[in-house]
Amino acid sequence: MLPDLSAAPMQDRYGRPLRDLRLSVIEACNFRCGYCMPADRVPDDYGLDADQRLSFDQLETLVRAFVAVGVTKLRLTGGEPLLRKNLPVLIQRLAAIEGIEDLALTTNGALLARQAVALRQAGLRRITVSMDALEPALFRQMSGGRGEIDQVLAGIAAAEQAGFKRLKINCVVQRDVNEDQVLPLVEHFRGTGHVLRFIEFMDVGSCNGWRPEAVVTSAQLRDRIHARWPLAPLDANYTGEVAQRHAFADGLGEVGFVSSVSVPFCGDCQRARVSADGHLYTCLFASQGHDLKPALAEGEQGLATHLRQRWSVRADRYSEVRASTSRRRKPVEMFLIGG
């Protein structure tokens, strides 16, 4: 049994606690989206080798240790997490851990229709679906020729039927690529109870061809949407929430904006990321990870102690200093640590 560490909250060098864990369960993905895992840079069979992947036992021990040092929110990512064999079994084990207040999953939605019921029954509480276009040909193109929008929409419908009533729908907007999909997406999801969120194109990884000119800022997107459907700002749901929330003035739901490039939120970042092979990344824009497997072999107690030590020296604030920083190390790819 791990000791109660609530009396001594863990903080990094800037006084930021650790509350949110993004845990990748697999590196493989069935899509090849250009801003994450472009087909010309990543082979089709990438990430399918399970030799280095943490087992379910290891993942449960890891999550228990993170809970012991303050984590209350857990999100499963990939790659595409629904490719992980027997994922509902893992979710059932993680959902049973005392202290986990929110258990969510991010998916491209292509496999969601066949798994939605099992995910709900296992204890998954929330789902986020990535969707960068509604137009079928553009959606297929942006997924590297792998995705069909009808499959994703069917997955969302199946999730609703399974009991997931308030999904988040994430759209990464790139200038001259899918800008014209913004208003159609808003029109489609307004009034459904789901929350559409627009994410600025970020310089995560080194193979997505990022350049500042390709960024459509949240302010620009908000103005476009507001001109069609008036918006009013909402307060954050919790400290460290990444999306700026706005309600539709007519009461038909809300829309969110994630502004990592134009309005950095490093100051409130309470998130850590762990890759499928057990490496800790304390920032989405990190250039290298820290292997947790040796500490994991010591069990919950040993790993919890190790995590406290690692977090106490954390000083990441890349988005705040992006303009004045020249990278000398290759940043980790998004598909290794999720979004």
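Just so it is clear, glycine is given a Cβ too, placed from its N, Cα and C backbone atoms.
According to Swiss-Prot, the protein has these features:
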DOMAIN    13-249  domain 'Radical SAM core'
BINDING   Arg22, Arg75, Thr106, Lys168, Arg271, Ala272, Arg273  GTP binding site
BINDING   Cys29, Cys33, Cys36  [4Fe-4S] cluster 1 binding site
BINDING   Tyr35, Gly79, Ser130, Met202  S-adenosyl-L-methionine binding site
BINDING   Cys266, Cys269, Cys283  [4Fe-4S] cluster 2 binding site
Q.
Between C-alpha atoms, which of these binding-site residues comes nearest to Cys36 ([4Fe-4S] cluster 1 binding site): Thr106, Met202, Cys269, Arg271, Cys283?
A. Met202
Q: Would you mind reading off the Cα separation of Ala272 (GTP binding site) from Cys283 ([4Fe-4S] cluster 2 binding site), to the nearest angstrom?
A: 7
Q) Looking at the binding-site residues Arg22, Lys168, Arg273, which one has the fewest other Cβ atoms within 10 Å of its own Cβ? A) Lys168
**Q.** Mean of the pLDDT scores, which run from 0 to 100, over the domain 'Radical SAM core' (13-249)
**A.** 95
Q) DSSP on Met202 (S-adenosyl-L-methionine binding site), three-state: which is it? A) coil
Q) Out of Arg22, Arg75, Ser130, Lys168, which of these binding-site residues is nearest Cys33 ([4Fe-4S] cluster 1 binding site) by C-alpha distance? A) Ser130
Q) So of all those binding-site residues, Cys29, Arg271, Cys283, which one's Cα sits nearest to Ser130 (S-adenosyl-L-methionine binding site)? A) Cys29
Q. How many Å lie between the Cα of Tyr35 (S-adenosyl-L-methionine binding site) and the Cα of Arg273 (GTP binding site)?
A. 19
Q. What three-state secondary structure does DSSP assign to Cys266 ([4Fe-4S] cluster 2 binding site)?
A. helix
Q) Within 10 Å of Arg273 (GTP binding site), Cα to Cα, which of the binding-site residues Cys29, Met202, Cys283 are there? A) Cys283
Q.
Roughly how many Å lie between the Cα atoms of Cys266 ([4Fe-4S] cluster 2 binding site) and Met202 (S-adenosyl-L-methionine binding site), rounded to a whole value?
A. 14
